[in-house]
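Asker: Just passing along the structure, written as structure tokens.
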Amino acid sequence: MSSMKAIAPYLGMIVVQLAYGGSNILGKLAIERGLSYLVFTVYRHLIAMTIFGPLSYVLERKQRPHLSLSILMKIFVLTLFGATIHLNVFYVGLDYAPPTVASALSSAIPVLTFTLAVLFRMEEVKIKNAKGKAKIIGALVCITGAILFTFWQGPLLPGFVKRPLITVQGKNSGNGSKHYKDDWIKGSLLIFIANITFSVWLILQAKVYEVYPARLSMNTLICFFASLQSAALALIFDRNAYSWKLEWDIQLITIIYSGIVISGLTYYLQTFCISKRGPVFTAMFSPLNLVLVALFSAFFFAERLHLSSLIGAFAIISGVYMVLWGKSKDCDSKVSDEDEKRGAKVLSSSTECNPV
């Protein structure tokens with residue numbers, strides 16, 4: 001039972017990255033079909049709210065902390081960074097950049113989160129010992145792998161399939177061929193900004209959870225505020241009533257998937273993993289998204305991988321492993337320190353009860 005609890009955060013974050021990989025692919029396809037990213041953000045969080053709401057009321061009714069105005073404002077700001085700004089800026093960037101590039105740039109999230117955690121004194125780094133060196137070197141290896149994956153091409157490898165298994169034609173199909181290099185850079189910059197806000201979200205989520213440790217209730221409020229904020233933006237920037245109309249196609253599939261799996265399941269799993277292992281541990285799994293999306297694109301969209309893709313993927317996985325090793329040593333140190341404290345208390349109490 002204890003071993004299952006120990007590996008639960010690892011399994012949880014692998015599921016999260018699998019889900020995000022699917023979201024990147026579906027999101028790109030839906031935007032190609034003309035889905036408004038602002039409307040998309042509203043609908044997906046409304047779906048998640050209908051799931052979280054009843055569950056939080058039933059399961060956390062007796063243990064839910066008092067919701068003060070101060071906590072409510074913290075959750076509002078948390079949502080602004082993690083859902084509203086992050087998602088809308090990310091999907092604008094995704095309109096210009098392919099999913100593989102978006103996932104590659106998301107590999108910067110561990111380094112950004114690690115830096116913020118050190119600045120906020122949420123993460124301790126001792127350069128002189130092995131675990132401190134492992135975390136720093138692992139983070140650098142991770143970002144190096146992402147850079148290799150994105151910017152160094154190298155020779156093309158044979159494709160897995162000759163023809164794409166998935167093709168979606170729609171309003172914006174063909175945008176990828178029409179975008180100039182400046183547009184690609186613009187998309188990459190927007191996605192990088194979105195990743196900064198995501199890192200801030202992970203840090204803030206850890207802080208908010210300390211004062212409001214009710215995962216389901218907190219995520220219900222996040223979904224509520226995300227719908228409200230994105231709806232306000234949609235009324236300002238997208239006044240086309242047709243944008244709100246849904247049909248039985250890839251757009252509706254994407255909204256349902258993102259609402260249930262991303263805004264529902266992954267939000268909860270992320271909160272769980274942050275509460276157990278902290279924001280840096282959670283962020284370190286982001287580079288796996290790059291590998292998953294690249295493999296998916298190779299199989300289903302007939303994208304051919306470069307040699308640098310394999311080298312970069314290997315570097316990313318190696319970097320993640322190094323940081324996780326350093327984090328596991330931190331956990332072992334905390335456990336041993338707690339055991340020593342308990343032992344000291346027991347020894348002290350036994351000495352008091354049986355004085356020599």
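Every residue gets a Cβ built from N, Cα and C, even glycine.
Below are the features I grabbed from TrEMBL:
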DOMAIN    10-150  domain 'EamA'
TRANSMEM  37-59  transmembrane segment
TRANSMEM  71-94  transmembrane segment
TRANSMEM  100-122  transmembrane segment
TRANSMEM  134-152  transmembrane segment
TRANSMEM  184-204  transmembrane segment
DOMAIN    186-324  domain 'EamA'
TRANSMEM  216-236  transmembrane segment
TRANSMEM  248-269  transmembrane segment
TRANSMEM  281-301  transmembrane segment
TRANSMEM  307-326  transmembrane segment
Asker: Could you please provide the mean pLDDT value for the domain 'EamA' (10-150)?
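Answerer: For the domain 'EamA' (10-150), the model's average pLDDT rounds to 83.
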Asker: With contact taken as 3 or more Cβ pairs under 8 angstroms (pairs 6 or more apart in sequence), are the transmembrane segment (100-122) and the transmembrane segment (307-326) in contact?
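Answerer: Contact between the transmembrane segment (100-122) and the transmembrane segment (307-326): present.
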Asker: Return the stretch with the most CB pairs under 8 A relative to the transmembrane segment (216-236), choosing among 71-94, 134-152, 248-269, 281-301.
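Answerer: So the stretch in question is 71-94.
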Asker: Tell me, please, if the transmembrane segment (134-152) and the transmembrane segment (37-59) are in contact, taking contact as 3+ Cβ pairs under 8 Å between residues separated by 6 or more positions?
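Answerer: They are not in contact.
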Asker: Hey, which bits of the same chain come close to the transmembrane segment (71-94), Cβ under 8 Å, at least six residues off its ends?
Answerer: 24, 27-28, 31, 37-38, 40-41, 45, 65, 102, 186-191, 193-194, 197-198, 200-202, 204-205, 207-208, 211-212, 218, 221-223, 225-226, 229-230, 233, 263
Asker: Between the stretches 37-59, 184-204, 281-301, which wins on the count of C-beta pairs under 8 angstroms to the transmembrane segment (248-269)?
Answerer: 37-59
Asker: Which residues, given as numbers and ranges, are at least 6 beyond the ends of the transmembrane segment (281-301) yet have a Cβ under 8 Å from it?
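Answerer: Residues 9, 13-14, 16-18, 20-22, 24-25, 98-100, 102-104, 106-107, 109-110, 112-114, 138, 142, 145-146, 149, 159-161, 164-166, 199, 202, 270, 273-274, 309, 312-313, 316-317, 319-320, 323-324, 327.
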Asker: Quick test of the contact rule: Cβ under 8 Å, at least six residues beyond the ends. What residues does that give for the transmembrane segment (184-204)?
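Answerer: Sequence-distant neighbours of the transmembrane segment (184-204): 74, 77-78, 81-83, 85-87, 89-90, 92-97, 101-102, 105-106, 108-109, 112-113, 116-117, 120, 122, 270, 274, 279, 282-283.
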